[in-house]
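First the structure, in the form of structure tokens, and then the observations on it.
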């Protein structure tokens, strides 16, 4: 096995850039363009699907059957559901996330004309001086929220005059912070940190001039947060699929906050036992900090692929994420561990050929 080096500075720089690009499900063009530019710079061939997902290829000695690594570019977000007569907006969530974490979020509304308007998502009862304890007793639901625009509006017609319509996309600010201790605190680390780890692994293989035994397709999907994920980008030659996403670092879970976590089971059922065993063995053989976990309320690109009928072995590897789908935090060491495992995996045989 060739020695590969994961460039932490490159990984952090890619992640920092991705976190500045709004990409809620349904509006991923900016993130797609950025990843395409990175792949071009690395000299990696790729193609775009009709829906706008990216399929990149690192060729190997064996071209068929081959393997794939999937990671998603889309994030949580919201959409304008209704223009209210008080000049505020009712919004509908994109992806599955609690309105509790939307309260106070700074956002950007994207109009059809390309104009953007800033705002804040707030509870309907938001003034402490007006509502006092009623603030604490109001329901935690999306129906109890409204979007306050940073514009001089007081009625629905004022909002419509700005060019805002029902169906406009609402992107949520990341508020990203990279700490000296190696933590990254930000919304949308799911799965932009995974994308940065995958690109870092690709870069390590390319710059290290590593000869791969098996061709690998890198699938950058654009609708994982709404359950669509990988099916529209897979092909019948893919015999192994490894998805990269977040693990849930929380009480009752076994996810590693600083290493890579192999998911054994999620809501869709157990992951492939033989492929999982292979990934765990690679961690041990290469001294990669790792753990294994079972997730309760979780789906990934793997679930949508298997439900679509693809006959492939499938596993999920994760970076550790605290407060997933909320005010997220993760450590760069965990991203690096994911990339290191990917490099080890890419250099080995397929499990049915080992």
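Just so it is clear, glycine is given a Cβ too, placed from its N, Cα and C backbone atoms.
Because TrEMBL annotations are produced automatically, they should be read as predictions rather than curated entries.
TrEMBL annotations:
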{"type": "BINDING", "residues": "72, 190, 245", "note": "Zn(2+) 1 binding site"}
{"type": "BINDING", "residues": "190, 225", "note": "Zn(2+) 2 binding site"}
{"type": "ACT_SITE", "residues": "224", "note": "active site, proton acceptor"}
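Cβ environment of residue 245 (Zn(2+) 1 binding site): 71, 72, 190, 191, 194, 224, 300, 301, 316, 318 lie under 8 Å away, each six or more residues apart in the same chain. Same-chain residues with CB within 8 A of the center of the 72, 190, 245 CB atoms, the Zn(2+) 1 site residues themselves not counted, are 71, 191, 194, 224, 225, 244, 246, 300, 301. Note: residue 225 (Zn(2+) 2 binding site) has non-local neighbours 24, 25, 72, 74, 75, 76, 94, 95, 96, i.e. same-chain residues 6+ apart with C-beta under 8 A of its own C-beta. DSSP assigns residue 245 (Zn(2+) 1 binding site) to a strand in the three-state reduction.
Of all Cβ atoms in the protein chains displayed, 30 besides its own lie within 10 Å of the Cβ of residue 72 (Zn(2+) 1 binding site).
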